[in-house]
């Protein structure tokens, strides 16, 4: 009957009866197998194998002193408590617990241990500013000259123990990277540009080692001048490598957070680019900054590779911040995916936003705890489960986001030994990324038996032709048989009963020859054949998709022994949830369950690889609302079910407004407590950045609440209203007065005109009367005179 053990390995008693011939082989089959080194163990029970379950060996008369069955164990060697604040000597600060453990592991067995992490407040910070001084960064240098004190003041809000340094780079001083013609271009690369003089080109220079004197930083930056190189990419990675590995020259403290700010507006050369200039010797990752603080191997060594930079940054606990302009932002986002722990920020055209950029990057670094493993052997597999802020266990994750200074998180680590390495023990380290604090893990491999030390060469029990080791004879070359009693020349294949499990069964299962009562298995083109009766092989297991054990495990005598993160009889069921993550950042888009790495949609009407298609389902905005209510407001259905971290993988960020630069317009609004909550998702560029840091996405939450009355505002409003009303009344009065005056003036003009007309009319009347009288008199006189003449 098969029994299912931990590690998703299907084994049975038959697994320990695979016909192994040595104690070491027995211990490597399964952690439940034991070996009996008692020489006459088989006499009391025919067919009893020395490799068996421990309980069966004891029942068969094998004393405890003869049983080899090492037990896996875990011992904590150093366990200092976590610190709360960086007080006193920083050497006494502890941010990870425990500090040293010792494991003893058998092949196929595993042990669990817990790692606790806390970021202490007011931790020292070393900030090294590495700047591209090519000609295109001229405006940025001008801006930085005035920002040194502001940068120190801003970082002083995060730590009281700050040191700052400055370095500069351009490119290798060889053609085709450098202007070689005309001759004066070597000393002044800006020759030909109007009214411009540049410093000679250089590779990398450590201008100012880390110092607490911020004024020196400002002075040194003011003394810098730009240079000019010929091709578009710069030699920035040369400078990054030297700034990282030259710890003594730069002045990195072992007990501080290390920030390396890399600013540029161009691409950078990488490994093999140096061959264009005839440089074939690869970078060796060593420090070559001379006494003049210049990189003196710039013309001899090629540019470093991305992998080398990642290793050196991790080794020296340095957080790299890419502060780059829009035109190269996508390129450095890709670089950040290849260099763990790297942050990318958008640099304005003149670097005036560099202070805010560094503050945001530092806040992002301090809000995350992510474990990294250094020096783990290939035969050892580690799996992680994270327990973040709300105490919920998230399987398969070794990072926690959204932390504040002083928050404590823990990680459950399971170490599994898949096979026996050549060495007897190995030490590796587990540490939070960017921390100096380390958990040192020493593993002893329980692969050998103690009875090996008491082996007897040329033992009489082996007829002097072999070594008696752990109760069995290991025959010399040319000798065969349980006691090395046979030679290959005088023995031929035989159908002895000892070479078949049953009388009617094929000898050696039809896959071997019986020599001296033992099966000698044939070779096979498909794989290895072994076992007491040649009954086992490594190619007759269940296949899936054309591969043994689905390609996710080893075939051992008809059973699949699965690799970590896989289970099932054919190892075809994945325990990882990466493939189930929907585009909105929820497992199976919040509409199903992730089973064996595949979404099973439970919401009616949902379909698709991640259940992302569902015409009749609530939209993703509704699901996001549930996550925001759960993680930010600590309420709602998901909060009541304690399933926030399982379903919601988003990092909640509170902002003043949803801008168009980094976020799309709001998806929906939700009114709660008289407040309106707007939720936005990152743009494609910001989403790439967040995915380079972790598997989560960032939800941007903007809360608009009605504000209470402000007394000053109300008084100002009332006073302003009174003043406006007074001015309006005054204007109206003035208008009415003006209208009245105009009417009176018009009336006056009318009266005056009337009076003048009366005078004129009266005058005209008098003249008319006078004229009339004169005329009448004249007519009268004329008539009289006429009459007189007539009479005459």
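Glycine is treated like the rest: Cβ placed from N, Cα and C.
Worth saying up front: this structure is predicted, and the values here are computed from it rather than measured.
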TrEMBL lists transmembrane segment for one of the ranges 688-710, 711-733, 734-756; which is that range? 711-733
Just checking, which of 400, 451 (disulfide-bonded residues) has the fewest C-beta atoms within 10 Å of its C-beta? 451
Round to the nearest Å and give the CA-to-CA distance linking residue 388 (disulfide bond) with residue 573 (disulfide bond). 27
Residue 580 (disulfide bond), DSSP three-state class -> helix
Among 447, 516, 571, 573, 580, these being the disulfide-bonded residues, pick the one whose CA is nearest to that of residue 475 (disulfide bond). 516
Candidate nearest residue 541 (disulfide bond) in space, where candidates are the disulfide-bonded residues 400, 451, 516, 573, 630 and distance is Cα-Cα: 573
Count the other Cβ atoms sitting within 10 Å of the Cβ of residue 287 (disulfide bond), across every protein chain shown. 17
Looking only at the domain 'Integrin beta subunit tail' (621-710), what is the mean pLDDT? 57
Can you grab the distance from residue 62 (disulfide bond) over to residue 451 (disulfide bond)? Cα atoms, rounded to a whole Å. 14
